[in-house]
Amino acid sequence: MTAAHTRILELRAELDQHNYRYHVLDEPSIPDAEYDRLFHELKALEAEHPDLVTRDSPTQRVGSAALSAFTQVKHDIPMLSLGNAFDETTMLEFDRRVTEGLDLPVGDLFGGGAAVEYSCEPKLDGLAVSLLYQDGELVRGATRGDGTTGEDISVNIRTVRNIPLKLHGSGWPATLEVRGEVFMSKAGFERLNASQLEVGGKTFANPRNAAAGSLRQLDSKITASRPLEFCCYGVTTDISDTHIGNLQQLKKWGMPISHELKLAKGIQDCLDYYRDIGERRNSLPYEIDGVVFKVNSIASQRELGFRAREPRWAIAHKFPAMEELTELLDVEFQVGRTGAVTPVARLKPVKVAGVTVSNATLHNMDEVARLGLMIGDTVIIRRAGDVIPQVVSVVPERRPENARAVQIPESCPVCGSHVERTQLVKRSKGKETVSEGAVYRCVGRLACGAQLKQAIIHFVSRRAMDIDGLGDKTIEQLVDEKLIGSPADLYTLKYEQIIDLEGFADISSKKLITAIENSKTPTLARFIYALGIPDVGEETAKVLARSLASLERVQKALPEVLTYLPDVGLEVAHEIHSFFEDSHNQDVIGALLSPQACGLQLQDQGELSAEFAASTTLGGLLDKLHVPSVGPGAAQKLADKFVTLEGVIKADWLDMRQALPEKQAKAVREFFDNADNANHALAIEQQLKDFGMHWDSEKKVVEGLPEAGHTWVLTGSLELMSRDVAKDKLESLGAKVAGSVSAKTHCVVAGPGAGSKLAKASELGLKVLDEEAFVAFLAKHNIPV
């Protein structure tokens, strides 16, 4: 090894150590001038010996040639969002759920129960990122994106000075994924804006926007010039048995963690921490919008698991939003995907929490009435959750004499169609109650440009039909040029029509045609979600597809039958039923599925879910009818006494009295004396028979499936299918798919990148399948891949 090479290695090690002491320990050991001298010495030596330059050298943070675009990165483990709390009541409820979920005794606020230990740290207002280390070296940085897919920002991440390019010490896993927040301090933000003003550049509204904009620069040299910092808040591979232990170990390896990190013993400690940080919020060197609390025990986190898009073991306690006074200049109306006509406040521009606000949500006309809002009023504006501006209240003493009432338009501001007022109806326990509220809708449907654009945007989105290349602006062009009038028209678009659109050339036009063609075989769940049924999100669409397993059954299902599905209440069930009853929607769906028109072919259709089919009983059906005064217990007594629905309907008063007290017996008799009620009950029963899920039907039950009673765990990435698809296939065999490994786990499917779950499975001696073996297992049970 030459003297120059030796000196280069010495300088790198020394500079790395100084970086660590400065950025992580906050204990600088040398003056800045001495650091600069060492840095420039290293830079000069590397210039003389370019063959000795390595990616992990401190000099390589300065940026490189500009990129044309960021590439997408799929997160092996999704970067989930957190549930929010805006008051102490919600925090207490969160603690209660955690305590009950861990089967601990629930005590009062100040003691008497088993206090859960929580980690506490400020919620930085920046951009969430993932850092991937291989053998201790930083190999990739990615944004959170939508939680599943982000952008590869590796070149820019390497310019953030307190992110170690190589981990310190030893003992780190071969693959380590660290997660945290890239942010800009208040002082750094002020310096950046001052320098931008000096050169006539664009200034930023707040540190978060500055951090996000800087990190997503295609030219990494610009990113390198910005005062960005990183703070680690988690890791995907457990390296300790507690969350705080994980962070402390990461700190030893060179990762900056929050100086405010603290362990709280019980919810009262959490509330005290929140109040303390809130009082010191303005004096902190960075902006925060709340505090994050996490169950500290990793084992407890695994036991609590996840729901939909967030962990059950963590919550963000947000600070109250900041408020300002301004003038309401006007109220305009916008039209949404479902035709709802909603008011939007146009405001005299005012800065709220560092952001200039000129528009604010008013939700609906009921909100306008509740506020007593008039055009010309002075209003209080709040950034709810520090994000969405909203009008909180009116200052009545400042109302001018010429203030005007807010009037809902009689015709749609977009298409001119009639605006219809529909009274809101609440359904609870079989009763329909007309509420004071109302919704205003444009009756133009897809003839209304606003509704059509929003419907198409939703239809083609990544989690729906996933048609790449159809951005919002392209959809606006297609609608404005009258090239499409419904989602079905997308499938009749020709190359000659697309190439004439702004922003399209030969290759991009052909790519769009191919993307549209490739979308013709969606899964049933994606198709249901793409239809844009009110109140039906991605998870509900998956439940509908997994349980009913055919579009025909979903279309025909009565509301009471739909309520057998997990997490589908009567309100949502009525929305689903009403959507498919609508003749206009039937026409659009018919065109999409017609071989002569669009020719979509839905995948994953088949037999009714065995678990769903086995979920019905006569007592359960009687309970779903919501007979006044009759709850689940009384319904089961009727089922035990009369055995059949027809027997209940035809039972006379004396027979009824043998099963129930007088008041309940009278209520049941009066209910079924109404022919509409009796006929509706029989119609529900007939549908249960038609679907093969009647309690007397010969049907497959979950216990008869090959993997019934077995718990499986999926970890790592799979190449031939997503983990969601793998989960669906296992559940179709009767298996339960869990998020954590335990002694009760039957089998673990481990793909590339499998971490602690695979290690735990090996430790417990559990059966482990790689993807090839898993595919063979599915084939054995005639499950296609």
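For all residues, glycine too, the Cβ spot is worked out from N, Cα and C.
Cβ neighbours within 10 Å of Lys294 (NAD(+) binding site), excluding its own Cβ and spanning all shown chains: 21. Summarising the annotation, Swiss-Prot assigns NAD(+) binding site to Asp32, Ala33, Glu34, Tyr35, Asp36, Ser81, Leu82, Glu121, Arg144, Glu181, Lys294, Lys318.
According to Swiss-Prot, the feature active site, N6-AMP-lysine intermediate maps to Lys123, an assignment based on sequence analysis. Within the same chain, residues at least six positions away from Lys123 (active site, N6-AMP-lysine intermediate) with a Cβ under 8 Å of its Cβ are Ile288, Asp289, Gly290, Val291, Val292, Ala316, Lys318.
The Zn(2+) binding site annotation in Swiss-Prot covers Cys412, Cys415, Cys442, Cys448 and rests on sequence analysis. Secondary structure at Cys415 (Zn(2+) binding site), taken from DSSP and collapsed to helix, strand or coil, is coil. Around Cys415 (Zn(2+) binding site), the C-beta neighbours below 8 angstroms that are at least 6 residues distant in the chain are Cys442, Gly444, Ala447, Cys448, Gly449, Ala450.
The annotation domain 'BRCT' is assigned in Swiss-Prot to 702-785 on the grounds of sequence analysis.
With respect to Cβ neighbours within 10 Å, the binding-site residues Leu82, Cys412, Cys442, Cys448 differ, and Leu82 shows the lowest count. Within 8 Å of the centroid of the Cβ atoms of Cys412, Cys415, Cys442, Cys448, where the record puts Zn(2+), the same chain has further Cβ atoms from Val335, Gly339, Ser411, Pro413, Val414, Gly416, Ser417, Val419, Val443, Gly444, Ala447, Gly449, Ala450, Gln451. Confidence annotation: the domain 'BRCT' (702-785) carries a mean pLDDT of 84 in the model. Shown for the domain 'BRCT' (702-785): DSSP residue counts in helix, strand and coil, namely 32 helix, 15 strand, 37 coil.
According to DSSP, Cys442 (Zn(2+) binding site) sits within a strand segment. With a cut-off of 8 Å between CB atoms and residues at least 6 apart in sequence, the same chain places Met79, Leu127, Ala128, Val129, Ser130, Gly150 near Arg144 (NAD(+) binding site), listed in sequence order. Taking CA atoms as the reference points, Leu82 (NAD(+) binding site) and Cys412 (Zn(2+) binding site) are 38 Å apart. Distance between Cα atoms for Lys294 (NAD(+) binding site) and Cys412 (Zn(2+) binding site): 47 Å, as a whole number.
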